[in-house]
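Some features that TrEMBL has for this protein:
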type     : residues : note
REGION   : 113-146  : region 'Disordered'
COMPBIAS : 115-124  : compositional bias 'Basic and acidic residues'
COMPBIAS : 132-146  : compositional bias 'Basic and acidic residues'
DOMAIN   : 166-206  : domain 'RING-type'
DOMAIN   : 295-443  : domain 'YDG'
DOMAIN   : 539-595  : domain 'RING-type'
Amino acid sequence: MGNADQRPKPGKKRSCDPTGRCMLCKTWPDEEDIIDCIICKTPWHLTCLIAIRESLALEDIGMGCPDCHDNNNPTKEEGAVVVDEATVTGGASSSSGDTIVAKIMAIQADGSLTEEEKARKRQELLSGRVAGPEKENGGKNKGKGKEKMVEGKCDALEVSDESFNCSICLKMLDRPVSTPCGHNFCLKCFQSSTRRQRNCTCPLCRNPIPSAMASQPRINLMLVFAIRKAKMLSSNASDLPSRVYEYVRNQDRPDKAYTTERAKKSGKANAASGRIFVTVPTDHFGPILAENDPERNRGVLVGDTWADRLECRQWGAHFPPIKGIAGQQDHGAQSVILSGGYEDDEDHGEWFLYTGSGGRDLSGNKRTNKDQSFDQEFKSGNESLRLSCKNGYPIRVIRSFKDKHSSYAPENGLRYDGIYRVEKCWLNVGVQGFKVCRYLFVRCDNDPAPWTSDVLGDCPRPLPVLEELKKASNVTERKESPSWDYDEADGCWKWVKPPPISKQKENTGNSGGRKRSRIIVKQAQSAAAKKRLQKQYGCPICKEVLEMPVTTPCGHNFCKSCLEGVFAGHSLVRERNAGGRPLRSKRNVLKCPSCPSDLSEYLNNLKAARILANLIVMGSGILGRAVFQAYRQALANASKSGVAQETVQNIRRASKIMAEPEARQILGVTEHSSWDEILQKYDNLFEQNAKNGSFYLQSKVHQAKECLETVYQKKAQGTMDA
């Protein structure tokens, strides 16, 4: 037994906490009482190790620590190495040369290896990974990106390196838990490690862990998503389509909605839109006139019906195939569909009360969820309707047969019922107890409604008296004259102010329009990719992609600067006194921005989760490399099959995700630079941007390296494209 009064000598390893004591018996053992684990080489207090092994009734297979015994004795069904019938004493070897203990002893007995090389080989052996090939010049594969290039391989799990491995069992993370110090563990491994400790510390760096997290650890859902995404890319990268799908011009589309070869379901569930028969842009306000109908020269008239939403789209009455509001929050709303989606709707024919969108959880497969779970807000489509209310823009109204509570709904399909104006909008508590956006629509069309026998259209009518306005909030009324109004001189409804200028060009079918369409498609795809990245790896505070991410004990991820900014100026303790007599200080409760958990213990030492940051950077490179290879394969197939030169050039332009000159400029290399020089530049720039926290520049450096890697592969094969 060690002497409790004896302090450890400087430079000696101890299995101890930051105070230098044995973490079990709280003493400072002598040098002869220290023994290294035969597998992981962790120093242990001999007396405590023997006591633990006896209490757990472990087999006598050498002085291994309990963690290594559990990790290296799984069942054969789990696919791991089984350690049995191995007796190791002192320097003796195992009775079976195939056991993991025997392999570790062989590594330790190899005098040609340095301590660093022995540690690397032990780690590769325990993690089940085969040692990577060394460079031809005898150097070692150190640093990011210095792995040997493998032809045609796109493995997301290899790109992530060891980011997805548990620091205890060294296997793929299962239900990952992230500690405040930035390390990741399997949930079972973390619970097994902290269960034996009185004062919980990180199993890897021995930094203290908040007691709330140790008693109830939270799974890091963002890391779960990253692992799932990497697995999907790893298994599906080789199955990416080798064909590049060309843009289909409007005049080349069929007259009805059709199913493409990319559709996952039959019918119109995944159907593509048919040909658009009118020449109005998607943000066109007001009625669709005869001049916009080159097919029939009549336009869209009141009472026109269509079988479904896709057919309604082809005639420009309502372009979105799913949304009920067609509009832009900074431009206005063009059309709405009355389908009875909300219980609060009231339809009186010439006027109706319309409920805005939102307030329902539509995640996953809840596309038809009818229950409202949060308040609606004036944003997106709701804000576009409010903007149309302020400016008095005309709105096309289409009624659907799905509205079972309306006496004015058609029996089948959809029907165009003319032009309406939003006169008022407000917020009110709906039927289900949550706030909803409400709009008063009043008809103002020159043609009579389909349900009346009148010959003439609408005349200005007084607004109805609404009882719910007494309890409404945030009421918006038009203060200026409307843009669409009744002209007494002409006796009709028309534009009295210039209509808003369209942000899109008309679909005339010429080459300029097609070029503009391609630009719009690319912009939409770029915006969608950015939105998807913000949703998957976004900070709940700034709503942007995580920058220097930190993981709280409650399992939420934030930018380090954002979390520090939230609690800036808040002290961790509060001094108290009574009548001039000081009292014991009280700790302030600092709640997490996403949940009621207390973060006061965690905020003392914020550390960025570098692994999660690297996963965000590497994730963009994984998908980019897979798409890049698919484009390259499509180019090769097109060249061999003798297709039109224009098509080949289009594919070639699409395949240049990053041009070679741009990649060389980013890395600061020339055409005569060797691959070793490129890797050295890549390592330096990657580490420099990592220290500065610039993950965007890291992603650009990674893309440049991927581009040049493909170029050097083609040079090595002698088949680089001219």
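Using N, Cα and C of the backbone, Cβ positions are placed for all residues, glycine too.
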DSSP composition of the domain 'YDG' (295-443), residue counts helix/strand/coil, works out to 17 helix, 53 strand, 79 coil
Stretch-averaged pLDDT - the domain 'YDG' (295-443) | 91
Helix, strand and coil residue totals from DSSP for the domain 'RING-type' (539-595) stand at 7 helix, 21 strand, 29 coil
Determine how many residues of the compositional bias 'Basic and acidic residues' (115-124) DSSP places in helix, in strand and in coil.
-> 10 helix, 0 strand, 0 coil
So how many of the residues in the domain 'RING-type' (166-206) end up helix, strand or coil by DSSP?
-> 9 helix, 8 strand, 24 coil
